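Enquirer: Under the heading transmembrane segment, TrEMBL lists 210-230, 237-255, 293-314, 334-358, 431-458, 479-501, 579-600, 621-641.
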Amino acid sequence: MCFSGVVGISKGSVWSVRFSSIALCAWVHGDPRKVVYPTDSSGQFCGQKDTINENKTILFYFNILKCASPIVLINLQCPTTQLCVSKCPDRFATYIDMQGSYRHNKSYWEYYRQFCKPGFNKPWKSVAQVIRDEDCPSMIIPSRPFLKRCFPDFSTKNGILTVANQTTFKDGRGKTRNVTDLREAANGINNVLDARSVGMKIFEDYASSWHWILIGLFIAMIVSLLFLVLLRFTAGVLFWIFILGVIGIIGYGIWHCYWEYDHLQGTPGSDLTIYDIGFQTDFRVYLQLRQTWLAFMIILCIVEVFIILMLIFLRNRIRIAIALLQEGSRAIGYIMSTLFYPIITFVLIAICISYWAVTAVFLSTSGEPVYKVMANQTLCKYANLTCDPETFNTTNVTKLCVGAQCTFAFYGGESFYHKYIFIFQLSNAFVFLWLVNFAIALGQCTLAGAFASYYWAFRKPADIPPCPLFSSFGRAIRYHTGSLAFGSLILAIVQLIRIILEYLDHKLKGTQNSFTRFLLCCLKCCFWCLEKFIKFINRNAYIMIAIYGKNFCTSAKEAFFLLMRNVVRVAVLDKVTDFLLFLGKLLVAGGVGVLAFFFFTHRIPVFTQETPTLNYYWVPLLTVIIGSYLIAHGFFSVYAMCVDTLFLCFCEDLERNDGSTAKPYYMSASLHRILGKKELSPKKAMG
């Protein structure tokens with residue numbers, strides 16, 4: 001029924017309609033209340049309006065000792081009767097004690113009956129029958145609500161676990177038990193409750209410091225902008241400082257290895273070889289051998305010589321890379337609006353995440369109530385079989401299995417839709433990956449178009465078209481949506497395969513043989529490499545699409561061969577750019593983080609009075625550091641896209657033009673000087 005709307009749709013839109021149908025079916029069949037509200041043994045929501053449970057918002061377990069762990073409790077799989085109540089019990093009591101005092105104290109029963117099944121009013125019924133039919137709990141214990149469920153009110157007194165200051169309790173079946181039995185039955189509940197307290201303190205810290213966090217993030221944005229501006233003038237200086245620093249560190253390592261090698265001369269046992277002592281778990285043994293330090297020294301010498309030779313032979317390409325970095329800063333300076341485009345990408349991705357999350361919740365809550373026979377599995381062959389609560393009492397199950405009940409188990413079904421919920425969840429994840437990749441591709445194509453308009457302007461900035469970012473965005477939406485969707489589709493397929501491989505690896509863990517582990521490991525490695533390669537090809541294909549407007553396949557092919565013809569330049573530029581941007585991210589996040597640390601720890605005398613009092617100063621501190629890094633990453637991703645676009649344009653410019661009057665270069669004067677070719681035309685030089 002859900003997919004009948006697909007018939008008659010053109011092939012080009014079949015997949016989009018199918019994915020929309022999945023979401024529509026999920027929203028029709030799903031019910032998020034199943035996640036938010038607990039469900040009693042009758043399948044009714046606690047706290048649901050216009051029902052008998054409207055004022056009963058908390059779930060109570062008749063015998064929590066039957067619950068193996070908190071996971072079982074939260075997933076509603078505890079094999080005991082579950083009842084909606086208005087409040088949790090606040091005292092220890094048993095049905096036996098209540099019945100013994102019923103004749104002279106009716107208030108005992110009035111309190112106890114609110115934890116019995118609705119309508120039950122037979123306090124004189126024998127204890128054995130009540131426990132068999134689970135009309136009332138055999139005991140109640142002091143509890144407090146958590147996740148809208150009653151859990152034992154654990155506390156620790158002098159290192160001893162207690163419930164309401166007691167270490168023992170009566171189980172209502174004639175036994176006295178220790179509260180540690182409750183702890184074992186509800187394993188980990190104390191930690192969860194403590195986590196709630198920590199969560200409240202963290203919330204308080206955010207409430208008192210949120211405006212200072214925003215100030216810190218604003219400072220990070222300003223610093224990121226300043227770093228991009230300074231990079232225009234300091235890219236070369238930063239790179240050579242890094243290179244000289246690396247050469248100096250390796251040189252010191254060579255000297256230290258020689259010093260250790262010479263210092264160990266004459267030391268007993270230092271002349272042994274690594275082969276003589278074999279494999280040792282304590283690696284400090286190897287540091288006492290001269291051969292080890294000699295090997296380290298030789299390796300470092302080889303690395304040092306390799307770096308120096310690379311600098312000598314690649315000096316021109318390194319100069320081009322630095323010039324492109326400076327040109328990128330200049331381009332961003334002319335098109336400042338590009339720095340704020342990541343906000344649009346963030347909003348689009350947030351919408352994609354919301355769509356995926358809502359659909360996933362509706363899918364996971366799809367289904368009808370499923371009831372199962374609850375009885376002793378060793379004595380009843382019908383235990384855990386599905387049943388119908390309306391006809392259950394008319395069957396022979398109650399006669400063959402004394403005390404058996406038909407209680408709610410979970411939401412599900414046997415229809416085609418319910419059988420393939422997992423497939424639908426996988427399809428929903430695939431749609432999510434596709435949409436996210438499309439949002440990223442749209443941003444890359446838009447930025448590439450804006451920066452390409454800068455490069456191909458013959459006189460900069462006079463020939464740069466007005467509103468280049470807005471114009472590029474309009475072209476991407478109007479003409480290149482299909483190409484962007486196709487590239488995103490290929491990447492989403494590879495990512496989905498990786499997710500499936502991870503799922504299989506998780507499911508088969510512990511049961512797979514050596515060959516299976518090896519095969520899965522190889523597949524995961526191959527598809528990881530494939531994903532990285534496709535991301536690289538897609539990124540450059542989108543640049544070519546923005547420049548020439550060709551389809552995805554043609555653009556990807558032309559971009560790939562263009563990069564292969566300039567593979568050395570690609571490698572040098574990629575490493576130089578990655579280092580400088582990584583350095584910038586660390587400087588922004590680290591600098592703002594240090595400032596936030598001194599502020600939130602009251603170490604800045606000027607702001608001592610304004611600094612808020614916090615439970616955990618690391619809460620706003622980590623928020624500022626992580627937020628600063630993400631802000632810097634957003635700004636610098638624009639810079640990286642700018643450099644990549646200018647590089648492809650630069651390579652195209654070299655292949656299409658020769659610097660003559662008929663075919664002048666479009667590159668800037670600084671790039672042209674580095675090439676060492678003929679001078680630019682007078683018109684170009686003036687620009």
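Cβ atoms here come from the backbone N, Cα and C positions, even for glycine.
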Enquirer: Decide whether the stretches the transmembrane segment (579-600) and the transmembrane segment (621-641) have at least 3 CB pairs under 8 angstroms, with pairs required to be 6 or more apart in sequence.
Expert: yes
Enquirer: Counting Cβ pairs under 8 Å that sit 6 or more residues apart, are there three or more between the transmembrane segment (334-358) and the transmembrane segment (479-501)?
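Expert: They are not in contact.
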Enquirer: Does the chain bring the transmembrane segment (293-314) near the transmembrane segment (479-501), so that three or more CB pairs sit under 8 Å (pairs 6 or more apart in sequence)?
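Expert: No, these stretches are not in contact.
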Enquirer: Cβ under 8 Å to the transmembrane segment (479-501), counting only same-chain residues 6 or more beyond its ends: which ones?
Expert: 426, 429-430, 433-434, 437-438, 440-442, 445, 520, 523-524, 527-528, 530-531, 534-535, 538, 541-542, 545-546, 549, 551-552, 555-556
Enquirer: If we skip the immediate neighbours and take only residues 6+ beyond the ends of the transmembrane segment (237-255), which ones have a Cβ under 8 Å from one of its Cβ atoms?
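Expert: For the transmembrane segment (237-255), the sequence-distant neighbours (Cβ-Cβ under 8 Å, at least 6 residues beyond its ends) are 231, 296-297, 300-301, 303-304, 307-308, 311, 318, 322, 576, 579-580, 583.
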